[in-house]
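The following features are taken from Swiss-Prot:
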- SER108: active site, phosphoserine intermediate (ACT_SITE)
- SER108: phosphoserine (MOD_RES)
- SER108, ASP246, ASP248, ASP250: Mg(2+) binding site (BINDING)
Amino acid sequence: MVRLFGTDGVRGVANIDLTAEQALSLASAAVEVLAGPNRTSGPSGRGKPVVVVGRDTRPSGEFLEAAVVAGLAASGADVARIGVAPTPAVAHAVAASGAMFGVMLSASHNPMPDNGIKLFAAGGLKLPDEVEDAIERRMALPPSRRPVGADVGRVRDEPVLLDRYAAHLLATLPVPLDGLRVVVDCAQGAASTLAPRVLRAAGADVVALHADGDGIAINDGSGATHLDSLRAAVVAHGADVGIAHDGDADRCLAVDATGEVVDGDQILAMCALALAERGELVDDTVVVTVMSNLGFHHAMREAGITVVTTPVGDRYVLETMRAGGYVLGGEQSGHVVFLDHATTGDGLLTALRILGRVAETGQPLGELTKAMTRLPQVLVNVRGVDRTQVDTNEELLRAVALAKAELGDEGRVLLRSSGTEPLVRVMVEAGTDAAARAVAQRLAAVVRTALPPAR
């Protein structure tokens, strides 16, 4: 049986892969598992459990929100609905309000027809795999009880939780952003209103791009996965920095004043060095995934900073950070976790840390990113093959071993199946772009021929 939860919650085409019925069932099962049998008592032992619910701007978010709220309230949970909000705002609201758990409706960077459900446990942390599995099993069973009368949940709108999140973000800034001109691309998503508001409150001169909150156009040629319009806008407006969020604003990429892209690895390198300089980088350690550029590893080694590597997914980065007590980690894609200020990847917080560093040093972003040199990296996505055999197919394993031997210490090869899409990713790094591209294309061809078609 295919697991319902992927690496970042439940995701698929809304109304086909993810229906209102499934959303209601999942919400009800989550209350059963996370609140337990005594659902008239919340975490403090007083009153019903409270669940925070937020969504991005996708049209399908409206009916999915209605279904989730119905499932929660019918199962005896009170609902604090915060409306359109970044994913990390839901996590913060759960932690700050003492809610039992939180639900975010978003498919992040995926196209508009998709949607998804992410759950946050008490304290604002993403759920462990075993808890997600328990919820999935519970979905197959009838409800253990149906509250009636005063025991059913009540629903209220709580926009004040977003205001508190914004205030929390602003409190993390080391210095005001006065004098900085910033272009922020909100991808027509969850940060469309909040990101420009927070940056202006911090003192920046803000140009807002793709910030109408038009969910029909979410991630369409905009945001963290489509940086061309941001690059052009930064140059056209003479901005100091460009900031790009994805649909749910849990990640952030940047653009320097010349229009050059600054990826998650460069952001992490810059922030790691800043924290180490202040003596705030716990154990001089940063946590990244296997996708981080080899150039990042080289830069950290030269700075005396230890790098701990995890599987792909900010949830695994976070688990490793919590286990080791580390304060900084993230992904090349722009999910960055500052564990001393957040419980999950936070695009708005990351933007403020980038801009704060520019403001306090007086150095251009392009100068700060020279902390590391990226090795050429080529990523090829192979669709239509059985991704479950990536780690077991002998022909493919031999091809990977040969490629690694060819590149030696000056390059890297990584093959993995996507946790959110039906594809296999082939990633190669090498001393030159041509070498990386040649090896990647060769391995992609082996993937297509060695692996059977997807079922």
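For all residues, glycine too, the Cβ spot is worked out from N, Cα and C.
Taking the mean position of the Cβ atoms of SER108, ASP246, ASP248, ASP250 as the Mg(2+) site, the remaining residues of that chain whose Cβ falls within 8 Å of it are ASP56, PRO86, THR87, SER106, HIS109, GLY189, ALA190, HIS245, GLY247, ALA249, ARG251, GLY347.
Around the Cβ of ASP248 (Mg(2+) binding site), the number of neighbouring Cβ atoms within 10 Å comes to 35. When Cβ atoms from all protein chains are considered, those within 10 Å of ASP250 (Mg(2+) binding site) total 35, not counting its own.
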